[in-house]
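Trainee: Here it is: the structure, laid out below.
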Amino acid sequence: MLETTIDFSRYSSVKIGTPLKVSVLENDDEISQEHQIIGLANNLLIAPSAKNLALLGKNYDYICDKGECVEIGGAANASKIFNYFRANDLEGLEFLGQLPGTLGALVKMNAGMKEFEIKNVLESACINNQWLEKEALGLGYRSSGFSGVVLRARFKKTHGFREGVLKACQSMRKSHPKLPNFGSCFKNPPNDHAGRLLEGVGLRGYCLKRVGFAKEHANFLVNLGGAEFEEALDLIELAKARVLQEYGIHLEEEVKILR
């Protein structure tokens with residue numbers, strides 16, 4: 001098993017972190033239940049003390065036409081998947097033109113934008129070398145019900161790439177901040193929006209040391225420059241406490257915190 005050092009202050013989308021050892025997994029028999037897969041670290045906040053970090057190597061970066069379905073390796077990135085579906089006139093993953101991440105993370109969190117999400121197109125996934133049908137994965141709103149590493153997944157083939165869906169997703173992205181961030185900080189509570197709640201307690205544009213909630217959209221935690229893990233964690237806890245006190249609602253993080 002190969003090992004490398006990754007500086008997460010450069011590698012992660014929020015640009016917060018320290019240099020840490022990361023295992024590079026190239027074969028199924030190297031996978032362990034203890035591994036914390038980092039992918040491209042787009043929706044992660046990684047502690048300086050985080051252990052068992054790993055990423056899938058180049059052997060998992062592929063897209064293969066299987067006839068009735070498309071099989072995609074866990075390390076294939078969203079841009080590559082989007083371009084394949086568009087070039088082959090396939091529908092269902094148009095939103096990946098506006099989302100970062102690797103296939104493994106996209107399946108694990110049932111990634112999506114509004115009503116467009118991974119589970120709408122997914123057929124099955126190989127978790128720790130065991131194939132599971134979609135129904136067994138427990139996919140919900142930005143969540144899943146399985147533990148383990150997504151090594152590969154299969155998607156149904158339906159012809160007819162939808163440019164209209166892509167344009168709708170592009171329009172949604174216009175409100176996203178330009179500063180380093182990890183996408184939505186919190187999941188939307190049932191019948192409400194995290195951004196509305198955060199704005200309601202005065203956190204839109206609010207800064208705490210070197211982190212803050214974006215002026216463009218309150219549900220985006222941004223790195224104002226040189227921020228550290230504890231600063232981001234403090235702001236997340238502050239936001240949860242304020243929303244709970246004001247609205248009686250427990251906000252749940254969409255960002256994954258690895259310790």
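Backbone N, Cα and C define each Cβ position, glycine as well.
Grabbed the feature section from Swiss-Prot, which reads as follows:
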ACT_SITE  R142  active site
ACT_SITE  S184  active site, proton donor
ACT_SITE  E254  active site
Trainee: Long-range neighbours only, meaning 6 or more apart in sequence with Cβ under 8 Å: which ones does S184 (active site, proton donor) have?
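Mentor: Once residues fewer than 6 apart are set aside, S184 (active site, proton donor) is near R142, A194, N219, F220, E254, V255.
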Trainee: So, three-state DSSP: helix, strand or coil for S184 (active site, proton donor)?
Mentor: strand
Trainee: Helix, strand or coil by DSSP: which one applies to E254 (active site)?
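Mentor: Assignment for E254 (active site) reads coil.
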Trainee: According to DSSP, collapsed to three classes, what secondary structure does R142 (active site) have?
Mentor: coil
Trainee: Taking the Cβ of E254 (active site) as centre, how many other Cβ atoms lie within 10 Å?
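Mentor: Taking every protein chain into account, the count is 19.
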Trainee: State the count of C-beta atoms found within 10 angstroms of the C-beta of R142 (active site), not counting that atom itself.
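Mentor: Excluding its own Cβ, the number within 10 Å is 19.
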